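Residues annotated as domain 'Major facilitator superfamily (MFS) profile' in TrEMBL: 14-405. Taken from TrEMBL, the feature transmembrane segment applies to 28-46, 58-78, 85-108, 114-140, 152-173, 179-198, 227-250, 262-283, 290-310, 316-335, 356-377, 383-403.
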Amino acid sequence: MSTTTTGWRADAAVLAVQPFRRLFASRLAAVLGNAMVAVALAFGLLDADGSGAGRVGLVLGARVVAQMVFLLAGGVLADRWPRRSLMAAAELVAGLSLAGVAALLLVGDPPLGWVLALMAVNGAASALYMPAAAGIVPTLVRAGQLHGANSLLRLSENVGAVVGAALAGVLVAAAGAGWALVVTAVLYLVSAALLAGMRATHVPRAEPPTLLGDLAGGWRETVSRQWVWVVVVQFSVVNACFSGLTRVLGPVVALQEYAGPASWSLVLTAEAVGLLVGGAVALRVRPRRPVRAGVLSVLLLVPPLVLLALQAPVLLVAAAMALGGVAVTVFDVLWATALQQHVPGEALSRVSSYDALGSFALAPVGLALVGPVSAVLGTPATLLAGAGLVAVATLAALAAPGVRRLTAVDR
């Protein structure tokens, strides 16, 4: 596989571009806040004796459902309207919805219906933000800077996720879940302010748009590129298997074969470290065929599942999860850059919304099926079956000519 490497200074130079610098800071603030939401909500809604998990699941589920429902609409709007304005408005709404939940928690005994409604609004705002964020980067930097820009954004997101989760725990312990959500809301409002002051190019589309026409056009742009739809199908399988198996059966193996929560915490920490390292790796390496390289890297998600099935030493599982984390970040950067280079700017947000929706469509199914399947097959067999599905989906994607042959254009 032919690759090139670049220096840190050349990649970091993209931060000298003022609009991108604002986007970078905005993304860091928003991810810090987003990482705090689940922790603060969980401790805010759980009862003192630990009961109330059903409420937490409903609230987080309402957010995810709203994201899925409004994702395609977000792609349509982001290809019609100035993406900067849409992103700023979405972050403002997200911040205000979290401020509302924080107020309810601070008053005490929040009505579940109000919390559900506010978190659904938060999820809808996220759905409007995501496609616009995917499409705005090429309007801020030159084509040759796209890879470095995406690497830096992914690095900031991974740092924000790790720091945000830790900060949420500290704030909840020190001041309570309500005040932790106040901080989260402020971070979203800071993100909105940074985006509002950002300069970005917007070229109005010549044809009068319609909702159905835009959706159909986005679908055509997606399925007309073999490498896009093949990888979306691949990741619908990968996300369903890997997330479901590691998040559900991983703790089971830790309780039965290792030292319980402490062991699983070590494994998840190793994965987080891998995600961070992956951002640095992605900055350095630029394959000539980025989609092929990214898809190939997904095979690194197979060893953690196999090692869990074999009940290998926990340090070996942790090392494999770290490598899997590296692979995920490298893929994300290569994939985002390929989309930005090869999909027309006027359709990029719609294609990105179809990508996100398709890639995660089966994830809830995977989470729902892991328990019943493992009850029939047993934990080791279920983990091995999932590893096999990830491998087969990845090798099948590599068999597609469009995946193997697509080349980078910024070399």
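Using N, Cα and C of the backbone, Cβ positions are placed for all residues, glycine too.
TrEMBL labels come from automatic prediction, so no person has curated them.
Not measured: the values here are computed from a predicted model.
Across the candidate stretches 85-108, 227-250, 316-335, the maximum count of CB pairs under 8 A to the transmembrane segment (152-173) is reached by 316-335. Sequence-distant contacts of the transmembrane segment (356-377), counting only residues of its own chain at least 6 positions beyond either end whose CB sits under 8 Å from a CB of the stretch, comprise 64, 68, 71-72, 130-131, 229, 232-233, 235-237, 239-241, 243-245, 247-249, 252, 385.
Here the transmembrane segment (114-140) does not lie next to the transmembrane segment (316-335) in space: the count of CB pairs under 8 Å, restricted to residues six or more apart, is fewer than 3.
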